[in-house]
Amino acid sequence: KSLENHTIGSGFILLGFSDHSSLQGLSFMVFLVIYLVVLLGNGLITIITVVDPSLHSPMYFFLRQLSFLEICYASITLPKMLVASLTEVGRISFLGCAAQLYFLVLVGSTESLLLTAMAYDRYVAICVPLHYTRIMSRGLCVGLVVGSWVAVIPVQAGQTYQVFTLPFCASHDLHHFFCDIPPLLELACADTFRNQVMLHIIIVLFAVLPFSLIVLSYTQVVREMQKMPSVLGRRKAFSTCSSHVLVVMLFYGSAMVVYFKQWPRGSADTDKYLALFYTVVTPIVNPFIYSLRNKEVRIALQRLLWR
């Protein structure tokens, strides 16, 4: 009953970038272009990795899943931002906020595990190339993707339930452009210690541990590259890893700062701008990184456009 009185009736106000109200029209156009580029760029990556036989390999299978997740990521946040820019009112219902948070942390955690699977794929390709086809079988690739979703769904459902069973009896103004856990916990008028502990456990499981495995994989890759006698071989190995490394740096760099560093009050803007990196910037640069730095993708894209 208390939960119903304090939350469901009123919902939340996403303040977003309302402090720059004079730029609302410009921000609408910018975010609209960004959203269209995200859909077009990642959509093209998805299509060419399906229709072009030369891209039917584990690396591009994972890239297709990553592009799908990037589309999901942007679709969870950007449409609401566009509406808020037009109406200048970022109101979101209680259930809408809960759904947005759940799908955001679900996609984010799944992407973290997928990036780890992509790092393992590069490790096998460079460190044990003779056994690559046997190890990176179709069954293993599908299992890694499905396993990522299966591992994340119940955990993030539990975390979302834990957050939204808190009483929100103070201000309902969220200093963010989407429903996220840290700003929501600031609005709760109850002890959030258990939520903080749960949040940090999940960060360790779905961010720190996967990132550590990625670093370990690339440590082995670098060692193997140093043993290569051919400069051309080293360059080719580096080129197949560099795109993934750039995406990892963008995604983990900003996300870990937001969730681990305890910003003092009054610096909510810092969190918002950092959050733009892993919710907006990474989805938009992903297709450019993989198309501009990957010869096979460029050739496949040219073939598709020529048709």
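Cβ coordinates are placed from backbone N, Cα and C, and glycine is handled just like the others.
Note: TrEMBL annotation is automatic and uncurated.
Residues or ranges marked as domain 'G-protein coupled receptors family 1 profile' by TrEMBL: 41-290.
The transmembrane segment annotation in TrEMBL covers 26-49 (among others). Same-chain residues lying 6+ beyond the ends of the transmembrane segment (26-49) with a Cβ under 8 Å from its Cβ atoms: 17, 20, 55-56, 60-61, 63-64, 67-68, 70-71, 74, 78-79, 81-82, 85-86, 280, 283-284, 286-288, 290-291, 297, 300-301, 304.
Taken from TrEMBL, the feature transmembrane segment applies to 61-79 (among others).
Here TrEMBL flags 99-120 (among others) as transmembrane segment. Among residues of the same chain six or more beyond the transmembrane segment (99-120), those with a C-beta under 8 A of the stretch's C-beta atoms are 59, 62-63, 65-66, 69-70, 72-73, 76-77, 80, 92, 141, 144-145, 147-149, 151-153, 155-157, 159-160, 163-164, 178-181, 184, 202, 206-207, 210-211, 213-214, 217-218, 244, 247-248, 251-252, 255, 278-279.
Taken from TrEMBL, the feature transmembrane segment covers 140-157 (among others).
Sequence-remote contacts of a segment are chain residues at least 6 beyond its ends whose Cβ falls under 8 Å from one of its Cβ atoms, and for the transmembrane segment (197-216) they are 105, 108-109, 112-113, 115-116, 119-120, 152, 155-156, 158-159, 162, 181, 248, 252, 255-256, 259-260. The transmembrane segment annotation in TrEMBL covers 197-216 (among others).
The transmembrane segment annotation in TrEMBL covers 237-260 (among others).
What TrEMBL records for 272-292 (among others) is transmembrane segment. Here the transmembrane segment (272-292) has long-range neighbours at 16-17, 31, 34, 37-38, 41-42, 44-45, 63, 66-67, 70-71, 73-74, 76-78, 104, 108, 175-178, 180, 243, 246-247, 250-251, 253-255, 257-258, 298, 301, meaning same-chain residues at least 6 beyond its ends whose C-beta is under 8 angstroms from one of its own.
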